[in-house]
């Protein structure tokens, strides 16, 4: 519940600020709900190697993320497009082709592999995970 | 007489026929060893009966044909020579022979004009002389032996000459002949020596040329002699060559920055002054990551293989560069006077860097596995489609290299945040010097003396890396 509010407000603020226009609200809602389900949510593609790397990173830290393989998801394409738009406005261009993986922690979007690693190196990732309840200690 | 003439003419024709071959062969053949010529000299002739002598002559011609016409060869290099010297000789020798018999000399001079070659002429002359002076076999043998041997070699001249002198009862003409023969010998020897010298010169310039070509190839692909980079493959892409050049320039800059930091620390500059130097060094570091991003887009394989690095650096290569956690290890071992918080921060940085490296390595491994599966798959799907899928997978490599560089960049920035200005300067100096020593080690290893055949190659590399060795002395002075 706490997560959901955060997601909705953050996403709608993206909407206002960046004038995204014709955004299918049900897709957005879906993304929201998926992102809110777990402390750590990864949108990935089953064959993507960078997605494999990011999964490995979290698992190596002792976190068990919720992974959504969009190529195996019924609405995967829509979700992918929505995510790309979110990424396009908040980050720079993602370095991995196709924009995935995209990581949400505590309902908030962290971004692609680049952002995840940068936040891990500068020490901001672990507190974030702790706050979201994904990590103890 | 007629018979002899016929025979000798026949033999002459044979020789003329072989003349063209000998002219061709003569230029390419080496001068014959002296021993060979001696066979035609005095020692081999048997002055028994006429028939025996004729047979021997015939044998001699045959052996001449079989052998690479060594004696003739030497002279045929300068075909103009024999003609001049020769036309006088027969007349003189015929004169000398003519004392015993006029008909022989008449025959002889007639034949002389038709001849072009010295050796068959001389042989023929000998033949005729032998035929004419049947009674004086021994007498004739010496001119016979004397003339061919002297015309072909400088060696064993004295004995036959003496014989000739003695037997033809010391005439003035013989002295002239002797002089001419001696001159011939001298000229032949000089020409042989010149030829040898020329061949040696050619050989040495050939070696020099191959060395220069190697140097040029190295220089062209690297742009400058830095860090003892390994020799590039034959097919270097333009993107790769461009990157090598840019990286070479960056390395030069790096050396400059490091020495600036060193002097700054030694001069105990204030924090503000040192901060400028440190920040410019970080900007310089950002520059290399930008270069590598461009290089990865142009030629990702070139970056991964790492020929742009020195061989020793390449030993430790991880994702087209250094391992960030390794740099932190180097740093931790050399830095002192860190507060506990700073130490915690640095160990935390090392830990998270290791985790990130592990994750990227796992991702790359999966990429390699996936590529292997794609390429190894049997042709269930269309071959072109398979290639397209494989190409798509290869395109992911660039992303991994970018992420690895991103990791390196973030590590450098985080270090700057954790450490004070002074500490940061010391840290960059320590790590910079480490990699400088590693590069110097490469150069020294490459230019170490080796017991190979081509020692010139080693010395060539030594001169090339001399700059590096001299600058490496700075690095090694800190050991």
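Including glycine, each Cβ sits where the backbone N, Cα and C put it.
Note on TrEMBL: of B:14-53, B:134-173, the range annotated with the feature region 'Disordered' is B:134-173. Of the candidate ranges B:55-82, B:195-222, TrEMBL annotates residues B:195-222 with the feature coiled coil. Secondary structure of the domain 'BZIP' (B:174-218) per DSSP, as helix, strand and coil residue counts: 45 helix, 0 strand, 0 coil.
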